[in-house]
Amino acid sequence: MKKEEYLEKVALANLWMRAYYEKDEPLASDEEYDALIRELRVFEEQNKDEISKDSPTQKIAPTIQSEFKKIAHLKRMWSMEDVFDESELRAWAKRAKCEKNFFIEPKFDGASLNLLYENGKLVSGATRGDGEVGEDITLNVFEIENIPKNIAYKERIEIRGEVVILKDDFEKINEKRALLNQSLFANPRNAASGSLRQLDTSITKERNLKFYPWGVGENTLNFTKHSEVMQFIRELGFLKDDFVRLCANLDEVLKAYDELLALREKKPMMMDGMVVRVDDLALCEELGYTVKFPKFMAAFKFPALEKTTRLIGVNLQVGRSGVITPVAVLEPVNLDGVVVKSATLHNFDEIARLDVKINDFVSVIRSGDVIPKITKVFKERREGLEMEISRPKLCPTCQSELLDEGTLIKCQNIDCEDRLVNSIIHFVSKKCLNIDGLGENIVELLYKHKKITTLESIFHLKFNDFEGLEGFKEKKINNLLNAIEQARECELFRFITALGIEHIGEVAAKKLSLSFGKEWYKQSFEAYANLEGFGEQMALSLCEFTRVNRTRIDEFYKLLNLKIEKLEIKSDGVIFGKTFVITGTLSRPRDEFKALIEKLGGKVSGSVSKKTDYVLFGEEAGSKLSKAKELEVKCIDESAFNELVKE
């Protein structure tokens, strides 16, 4: 890299940094920004005499805004050096002159906060700011429920940590903002930062923020280990994450990293890495600091789940109900080991809300098995080559005229090939008839060769239907035919789910099965509407579907031997007739607790109200627990629940 190119990249990095930290309006993904900073560092290490004083590597990002007073930290708040792989970790440890006794914990992706306590009372809270001076957000800090306002330590002390928003709460916040036509937060970190810097403290309160301490600033503690400091801080009443440990050497650090990375999707809040620091405080003092980082700690970053790429086109997909779904075609990008080439755009209202165009740079996020989605459009990076995404008039599959209902655009042709194929794929899927071996590609192949053309035709398949088809040999054919035969004996609720009735999912199908048995499709509007959890919309959908398809369901009954699940309910226990809400992370899947509660005659609701009898909560319980406490609903942990069900 030449000096001129280096200075251009310094200017670009500063532009991205100001947009991110000062305006909460990022112009690039974290991965893009990190890569740019690493390029600058490589040049600076090789050209120490040409380092620009304006380089972001030489300063802490400013976040001071005019709406809040400035407040000086008693001791500087440092950022951390990033390392991205084993070789970089070992290089950092070598520079730190330490290869044993490391303290490690998750690096939560939130907003840093500095709390000052005097005489055991919380007196102020401030953002990191430029490291020396932050924003005074004390009034908002007092609205964060899990921050102790009084502690059993009378000396002056700064306690530092990360403010996060749980993933579930983040989704609810964005759902609410969408209804109000407000811009959506790109990620939970931006939401946490924005929530802390509200002029209206009631908004901060309703966001259900969580604070996790990771260190101290000014203090008079006499501990010799950082682990001892953190144990003391948590004993004062602060939250502690389950994954905090001491590692004897770097091999243990690497093992812990792999373990934590495997927990990434299960954690209720976002993590972007693992903090690794020297545990010996005397050695930390000896090592000191660079111009920007402590030498005794580093952030061992996870692979990015969010990256920037370009939207190069839009494909239209036709669902089994005829709804047209636009899918973004992307320049391929590697997200956590998976090459992502497309992302959902949901519907054309979402396209309008995002104001996304073909050739835009966009930020794409992938989480677990969730379909990748676009979280942000970088409009400031437009080059004049962008093209509008127009609403379709004709079905991309059958070319029939589409019905435009505003949010939804539908193909009304019931013989549309994509509608039929997707209906069959849904019918045989795991949560429906669960026909092993009859996956999406096989369904498409069989439909293409006219071996299956309706849902019913699946059960008329014979051995010779598969002969000559690519990939089908005797064993595979017999296995598939056996799986189809086994599916004839499926539970009634699975069959109802498989029919793909609008608004009727697995839970509603179970309710219909248990309430009406095989006569479920012969009921009145009132009978449907009176079912718990059902409403007018679901009842209307059922009435319309069963009116049109009653004869067809009768024919299915001749093909299938459907089983009705019977729930044996214990009616004399303390749980009988009680309503539970489950929240947080428990030792076993929620479905197991739900099944036990229902077996004992209780029921499980998805929301807390005055009619709720118990809230069963686990680790990182969210807003449901807070609401339960406000309504004075009895809250029990897993241990108390186990005692309750023993009675």
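Cβ coordinates are placed from backbone N, Cα and C, and glycine is handled just like the others.
Annotation comment: Swiss-Prot describes Lys107 as active site, N6-AMP-lysine intermediate, evidence class sequence analysis. The NAD(+) binding site feature in Swiss-Prot is assigned to Asp30, Glu31, Glu32, Tyr33, Asp34, Ser79, Met80, Glu105, Arg128, Glu162, Lys301; the stated evidence is sequence analysis. Taken from Swiss-Prot, the feature Zn(2+) binding site covers Cys395, Cys398, Cys411, Cys416. The domain 'BRCT' annotation in Swiss-Prot covers 570-647.
Fewest Cβ neighbours within 10 Å among the binding-site residues Met80, Cys411: that distinction goes to Met80. Nearest neighbour of Asp30 (NAD(+) binding site) by Cα distance, taken over the recorded positions Lys107, Cys395, Cys398, Cys416: Lys107.
Counting in whole angstrom, Met80 (NAD(+) binding site) lies 11 from Lys107 (active site, N6-AMP-lysine intermediate) by their C-alpha atoms. Each residue contributes its Cα atom, and for Cys411 (Zn(2+) binding site) and Lys301 (NAD(+) binding site) those atoms are 46 Å apart. Cys416 (Zn(2+) binding site) is 42 Å away from Glu32 (NAD(+) binding site) when you measure Cα to Cα. Take the recorded positions Lys107, Arg128, Lys301: by the count of other Cβ atoms within 10 Å of each Cβ, the lowest one is Lys301. For the residue listed as 'active site, N6-AMP-lysine intermediate', the nearest of the binding-site residues by C-alpha distance turns out to be Lys301; the candidates were Asp34, Lys301, Cys395. Between the C-alpha atoms of Lys301 (NAD(+) binding site) and Cys416 (Zn(2+) binding site), the distance comes to 48 Å.
Cys416 (Zn(2+) binding site) sits 47 Å from Asp34 (NAD(+) binding site), taking the Cα positions as reference. Reduced to three states, the DSSP call for Asp34 (NAD(+) binding site) is helix.
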